[in-house]
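Copied over from TrEMBL, here are the features:
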BINDING   GLY104, GLY105, ASN106, PRO107, ARG126  substrate binding site
BINDING   ASP127  Mg(2+) binding site
Amino acid sequence: MEKTPPFFSEISQLLIIAERRRKMAFVTTAEVCDANQELIRSGQLRALQPIFQIYGRRQIFSGPAVTVKVFEDNGLIRQFLEEKGNGRVLVVDGGGSQRCAILGGNPVVQAQNNGWAGIVVNGCIRDVDEINGCDIGVRALASHPIKASKKGLGEQRVPVNIAGTRICDGEWVYADTDGILVSQIELSV
């Protein structure tokens, strides 16, 4: 049996992601909630509290979560965004700190170029004008001009608690202008 070259495998993966985005682009988080009441009752589908501001050109995004827990340090965030995103969503628990920005324009441009669908930050960002020019979805508490340290301290791929919701690595994130949902399984409506 002939093996598929890595290049074609990557293209196939990107086509699958694009088709998933196309299907979900017309389904709002409100419609997802309406169609999945049993998952909400069981806790398999959860909504984050509405505390996030919307940044970036992509107002609707979804994908499997990659979780990072940091505090006023963006070293681990930058490491992840240097990887191929493959339609994933980076979920950053920054402890809700509003003393500095843990995400800026350069890493967001890199995330866009590497195929990340979105970034959810329980903390602050900066370089808002640059981020708003990027074709990626970003949610954060606020903007702040002071930058974070770059020591690389924190935890990766651990459960995080953001906006009243526990989010585990690999769960599905769905975001639009109505809010952010987290599901234990990939949803279809």
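Note that Cβ sites are derived from N, Cα and C of the backbone, with glycine treated the same way.
Within 10 Å of the C-beta of ASN106 (substrate binding site) there are 12 other C-beta atoms, taking all protein chains into account. Other than the site residues GLY104, GLY105, ASN106, PRO107, ARG126, same-chain residues with C-beta atoms no more than 8 angstroms from the centre of those residues' C-beta atoms, the substrate site, are ALA101, LEU103, VAL108, VAL109, ILE125, ASP127, GLU130, ILE131. The record assigns GLY104, GLY105, ASN106, PRO107, ARG126 to the substrate site; their largest pairwise CA distance measures 11 Å.
The residue listed as 'Mg(2+) binding site' is surrounded by 21 other CB atoms, counting those within 10 A of its CB over all protein chains shown. Cα to Cα, ASP127 (Mg(2+) binding site) and GLY105 (substrate binding site) are separated by 5 Å. Taking the Cβ of GLY105 (substrate binding site) as reference, residues of its chain lying under 8 Å away and at least six apart in sequence are, in sequence order, ARG126, ASP127, GLU130, ILE131, CYS134. Between the binding-site residues GLY104, PRO107, ARG126, PRO107 has the most other Cβ atoms inside 10 Å of its own Cβ, all protein chains included.
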